[in-house]
Each structure stands twice: as C-alpha cells, then as structure tokens.
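**Q** Copying in the features that TrEMBL gives for the protein in this structure:
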- 20, 27, 156: xanthine binding site (BINDING)
- 40-157: domain 'Phosphoribosyltransferase' (DOMAIN)
- 128, 129, 130, 131, 132: 5-phospho-alpha-D-ribose 1-diphosphate binding site (BINDING)
Ligand code: 5GP
C-alpha cells in the first residue's frame, strides 16, 4: 500500500536492532484516514472468504481490525493480554512469547465472542516471528472456528513470521507493507 510505505518512510523511526517505531500513526497516535484505507484494503482482499468475525490483539491491532470489520460489516473482537475483572472464567487462552518485549503474554478471549464454525480473519499491526499469529490461531481453534488468514499492517520480512503462517499453519497472509531491511536507520521495502 503506497500511502502506508510513504508514511513509514516519513515518520517511522528505526530503534534498537530491527525494531520500527510507528507511534505517530499506528501505535499511539492514530492516523484515522490511513487506518480507514487499511481497512478497505484488507476487506477488499478477503471479501470472498465469508468472514464472520475479525480477531486481533490489544492494543495496537484494534484500530486496523476495527476498520476492516467495519468494511466487511462484521464484529471485531480483541484478545486481551491480561485478565480483566469483567472477563470471568469462560475464556479461551493461549501464551505468546514476545521477542521485542522479551516477555510471555497470555492472550485471553471470552468464549462468548468466537463461536464454532465461524470464519475468522486475524489482523495485527506487525508480523515478526509469528508468535502473536500462533497465539491467535490457537484461540480460534479452541473455539472450533476456522482461521481464514492474516491481514498484517507491517511485515518484517527478514523474520520468520510469514513462513510460520504459510508453512507451519498453512494459512494465507496479506501484508500492506513488507520490510526487507532495517539497517543503520534506513528502511528498505521488499521489491514486489
Ligand atoms: P511476532 O509475534 O510476530 O514476533 O511479533 C508481532 C508482535 O510484536 C506485534 O503484535 C507487535 O505488537 C510487536 N512487534 C514486533 N516487531 C515490532 C516492531 O518492529 N515495532 C513495533 N512497534 N512492534 C513490533
């Protein structure tokens, strides 16, 4: 998605080894118009898959997932990373190790919101090693629902995530921006 690549080049900051900061339009401040366009792109790509629900992980996946669900005319569900007072015990959960934050998070979602046989599209802000993706698929499978595929805003194509989704899980992944390299403060996209 050209507008997204331009925004990443304008406002993205490479921090630490292989980490991209996009707080100014995706991870803290949200560029609503750009997010709306992302939703349209994902919805167009997955429109023939009979999506019943869009699933993401709090917090940064919520904006693009909401925009996609709005376009598809379905509900958007986000997995929590912490049990809340209102969540109760009627939940599916899985564990996700984050290489970026070096912590293991639980993903928790109420059994009321993913149902057997639903076709679930999963959306996330970044794809790196595919751990969050695995966690989401585990939740969908526990519910007896069908994981349809992934819509990713920014794929770090130098990491294993795509291979984990395509080869280990046999699912489709559609990324709006694919980064080949993050080196010396410079961002290079995959040539399509
Ligand atoms: P994975 O589970 O695929 O290894 O990593 C994906 C998750 O880690 C995303 O949900 C995202 O929150 C976070 N993440 C991974 N790489 C980056 C990055 O370069 N920048 C930011 N802001 N988040 C990242």
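Every residue gets a Cβ built from N, Cα and C, even glycine.
Here the structure is a predicted model, which means the values were calculated and not measured.
Could you give the neighbours, burial and distances for every feature on this list?
**A** Long-range Cβ neighbours of residue 27 (xanthine binding site) (same chain, at least 6 residues apart, Cβ-Cβ under 8 Å): 21, 60, 125.
Mean pLDDT for the domain 'Phosphoribosyltransferase' (40-157) in the predicted structure: 95.
DSSP gives residue 130 (5-phospho-alpha-D-ribose 1-diphosphate binding site) a coil state; it is part of no helix or strand.
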**Q** Taking every protein chain in this structure into account, which of the binding-site residues 20, 128 has the most other Cβ atoms within 10 Å of its Cβ?
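**A** Buried the deepest by this measure is 128.
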**Q** By DSSP assignment, list the helix, strand and coil residue numbers for the domain 'Phosphoribosyltransferase' (40-157), in that order.
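**A** Reading the DSSP string over the domain 'Phosphoribosyltransferase' (40-157) gives 33 helix, 47 strand, 38 coil.
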**Q** Reduced to three states, what secondary structure does DSSP give residue 20 (xanthine binding site)?
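**A** Assignment for residue 20 (xanthine binding site) reads strand.
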**Q** Where the distance is taken from Cα to Cα, which of the binding-site residues 128, 129, 130, 131, 132 turns out closest to residue 156 (xanthine binding site)?
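**A** In terms of Cα distance, residue 156 (xanthine binding site) lies closest to 128.
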